[in-house]
Amino acid sequence: MPELPEVETVKNVLNSQIKGLRIKEIELRYEPMVKNMSADVFKEKLTNQVIEEISRRGKYLVFHFQDYQLLSHLRMEGKYFYEADDFELNKHIHAIFKLDNGRQLLYQDTRKFGTFHLYEKGQDLEETSAFKVLGVEPFSDEFTPAYVKGKIKGKKKPIKSLLLDQSVVCGLGNIYVDEVLFRAKIHPLTPSYELSDNEIENVVKYTVEVLAKAISLGGTTIRTFTSTHGVSGTFQEELLVHQRLGEVCKICETPIEKIKVGGRGTYFCPTCQIIKS
């Protein structure tokens with residue numbers, strides 16, 4: 001699933017490609033991806049709308065039009081492509097937005113898990129069902145050690161599971177939580193309430209550092225992520241533990257291990273990340 005750096009990369013590329021263009025026609029090949037209205041109403045509302053800007057909230061892309069706001073979640077395999085009008089479409093292209101410059105924005109999703117929610121422009125998105133459950137943004141002023149300390153108080157949940165909770169901090173996923181906890185030298189099974197003030201500060205520090213670095217490298221490509229340019233991210237070359245089972249730790253040369261935490265495959269170094277007894 002694309003995490004915050006991948007969605008941020010898609011947002012940046014889309015802004016450079018389609019900002020200011022008008023949607024002339026829409027074809028939906030998989031209508032159930034539109035969640036809060038019929039496909040016909042969705043198409044009617046967005047036809048002839050100008051794309052003013054694309055922003056991001058957590059793992060959501062937000063397309064801003066003159067009169068509407070479109071929330072797009074890529075889920076597991078969603079991708080956008082900006083192509084010529086005669087581009088040969090494959091069976092996984094489920095939404096086609098014909099643009100007024102003769103090109104088209106294509107939404108591809110091999111798993112069909114992606115979603116569209118369309119709202120009026122004046123509606124407060126933070127009050128919608130999608131955003132109401134989201135926690136703070138990692139790059140916001142609200143994401144501080146004090147905030148994290150308040151969220152983990154009395155929580156026995158493993159720190160990895162807590163950081164994956166989108167109601168605590170949004171945008172983090174499996175890859176980046178593994179990398180943050182390794183750099184902070186915290187075992188992923190550590191009960192959240194046991195973190196010291198110093199460990200909490202390191203979680204905040206490395207969350208921001210890891211995400212910023214990943215964004216600068218266009219995200220992480222482990223399976224099929226590409227930006228709308230069709231270019232893969234390269235942060236996978238910076239991974240210290242994730243997907244490195246059996247390889248030696250780059251700090252202490254202990255083999256990297258893998259366990260399940262909350263049902264998620266989790267990579268860590270048993271020497272650098274010692275669980276508290």
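Here the Cβ of each residue, glycine as well, is placed from N, Cα and C on the backbone.
In TrEMBL this protein carries:
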ACT_SITE  P2  active site, schiff-base intermediate with DNA
ACT_SITE  E3  active site, proton donor
ACT_SITE  K59  active site, proton donor
ACT_SITE  R264  active site, proton donor
BINDING   H92, R111, K155  DNA binding site
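Taking the features listed in TrEMBL, we show where each one sits on the structure.
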| residue | record | Cβ contacts under 8 Å, 6 or more apart |
| --- | --- | --- |
| E3 | active site, proton donor | K59, G171, L172, G173, N174, I175, Y176, G219, T220 |
| H92 | DNA binding site | Q108, D109, T110 |
| R111 | DNA binding site | R75, M76, E77 |
| K155 | DNA binding site | L162, P191, S192, Y193 |
| R264 | active site, proton donor | K160, S161, L164, N174 |
Number of Cβ atoms other than its own within 10 Å, given for the residue listed as 'active site, schiff-base intermediate with DNA': 25
DSSP-derived structure type at P2 (active site, schiff-base intermediate with DNA), helix or strand or else coil: coil
Maximum Cα-Cα separation (Å), residues H92, R111, K155 listed as binding DNA: 42
